[in-house]
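Under the heading active site, proton acceptor, Swiss-Prot lists 274. Annotated NADP(+) binding site per Swiss-Prot: 98, 99, 100, 101, 102, 103, 104, 192, 216, 217, 218, in sequence order. The substrate binding site feature in Swiss-Prot is assigned to 179, 185, 218, 249. Feature annotation from Swiss-Prot assigns NAD(+) binding site to 199; the stated evidence is similarity to another entry. What Swiss-Prot lists as disulfide bond is 69-74, 410-422, and the listing cites similarity to another entry. Taken from Swiss-Prot, the feature site 'Activation of NADP-MDH' applies to 69, 74. Taken from Swiss-Prot, the feature transit peptide covers 1-45.
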């Protein structure tokens with residue numbers, strides 16, 4: 001085994017304690033009781049597979065490694081000299097908030113393995129946590145380090161979105177405060193809305209100007225709208241709220257009722273808000289290329305039981321499992337990314353919570369509302385025009401629209417539209433899994 005000789009770079013610097021080396025300067029100053037910083041001479045070396053290079057002195061003022069990087073990911077990979085990577089694409093940067101949470105714990109390893117962006121797409125993961133979750137975030141980074149994913153070229157962790165979101169091309173915003181006992185929906189809108197307003201500003205300041213944003217933290221539709229309103233330099237079409245888990249649940253229920261495998265179910269739309277006002281659309285859905293209503297000839301089941309099963313699935317899962325749906329949510333995030341980077345099959349579509357301006361359905365503008373989309377696989381999408389509406393569908397689409405308009409009024413102070421007025425509809429419409 002070759003051993004590299006380490007020679008000093010003769011660049012003296014102040015080194016903070018290693019367990020705090022990824023914190024922003026502001027947060028370092030705010031923490032009390034820190035071990036005293038020490039002054040050392042920097043040692044540097046460069047490693048590449050099957051090759052040990054002679055250490056080279058770093059010129060004065062040069063930065064050898066980013067202070068936010070983690071462990072083995074701090075070393076420079078020489079992609080030009082790695083035979084297996086010559087056909088790889090240019091590395092993309094993915095930022096994830098709530099990265100120490102259970103959803104992210106399932107998602108990050110899917111991203112790192114290549115099943116999301118492809119077997120020739122190297123990625124950098126930038127993980128955002130909080131002061132409270134920072135040690136857990138270090139643990140996540142350690143597990144990624146130990147997993148030896150060849151496509152995972154960089155991992156960095158931090159608690160400042162203005163640092164973590166830098167150059168991000170995808171932002172998966174999962175972090176949000178859960179709804180606690182006695183908390184009203186208006187309270188949750190305000191608390192999480194402030195988080196997403198700040199993250200929107202951070203994206204605007206430091207992310208790629210064409211960053212694609214998927215909001216998962218609830219209430220995700222209005223959180224996505226708030227996030228959209230705060231970065232004026234990012235196209236509104238780039239913001240999505242997660243609907244895919246609801247779509248997957250709807251496909252599952254239709255497949256079970258029809259006695260077929262779920263891959264036979266297509267053209268499923270979830271209209272509206274991610275709440276109990278959501279509208280699983282069986283009018284346009286198909287099974288084996290045939291309209292659902294011609295396969296499942298049970299109108300009452302479709303209008304009542306099917307819709308309730310989809311809406312309440314998360315609550316039933318909690319009763320059985322004792323926890324919310326983290327793994328299936330992570331899968332649904334992957335499923336939400338896939339149709340944006342893969343051309344939509346002819347005749348099919350996928351739902352996503354997107355900006356309503358210019359929509360062909362008559363839905364109020366300036367909302368994030370789940371609607372049917374098609375994509376050419378370039379990260380962009382267009383709304384589907386050839387959909388059928390009946391009175392049942394229109395009435396329920398309108399109800400969900402009114403709820404989102406009320407949520408928008410309740411968060412006007414976070415979107416720059418004036419004083420908030422909370423006149424949310426009576427009754428609790430939050431999905432059971434959000435509580």
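Any Cβ shown, glycine's included, is placed from N, Cα and C.
Feature annotations (Swiss-Prot) mapped to structure.
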| residue | record | Cβ within 10 Å |
| --- | --- | --- |
| 98 | NADP(+) binding site | 22 |
| 100 | NADP(+) binding site | 23 |
| 102 | NADP(+) binding site | 16 |
| 104 | NADP(+) binding site | 28 |
| 199 | NAD(+) binding site | 29 |
| 216 | NADP(+) binding site | 30 |
| 218 | NADP(+) binding site | 25 |
| 249 | substrate binding site | 23 |
| 274 | active site, proton acceptor | 30 |
| 422 | disulfide bond | 16 |
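Note: the Cα of residue 74 (disulfide bond) and the Cα of residue 218 (NADP(+) binding site) are spaced 34 Å from each other.
Between the CA atoms of residue 410 (disulfide bond) and residue 185 (substrate binding site) there is a gap of 10 Å. Fewest other C-beta atoms within 10 angstroms, among the disulfide-bonded residues 69, 74, 410, are seen around 74. Among the binding-site residues 100, 104, 199, 218, 249, the residue whose Cα lies closest in space to that of residue 422 (disulfide bond) is 218. Cα spacing between the residue listed as 'NAD(+) binding site' and residue 98 (NADP(+) binding site): 12 Å, rounded to the nearest whole number. Scoring each of the binding-site residues (179, 185) by how many neighbouring Cβ atoms lie within 10 Å, the top position goes to 185.
Residue 104 (NADP(+) binding site) sits 18 Å from residue 69 (disulfide bond), taking the C-alpha atoms as the reference points. Under DSSP, residue 69 (disulfide bond) is assigned to a strand (E or B) in the three-state scheme. With 98, 99, 100, 101, 102, 103, 104, 192, 216, 217, 218 listed as the residues that bind NADP(+), the site has a largest C-alpha separation of 18 Å. Among the recorded positions listed here, namely 69, 179, 185, 249, 274, 274 has its C-alpha nearest to that of residue 216 (NADP(+) binding site). Each residue contributes its Cα atom, and for the residue listed as 'active site, proton acceptor' and residue 218 (NADP(+) binding site) those atoms are 8 Å apart. Under the three-state DSSP scheme, residue 274 (active site, proton acceptor) falls in the coil class.
It is 23 Å from the Cα atom of residue 185 (substrate binding site) to that of residue 102 (NADP(+) binding site). If you compare Cα positions, residue 218 (NADP(+) binding site) sits closest to 179 out of the recorded positions 69, 179, 249.
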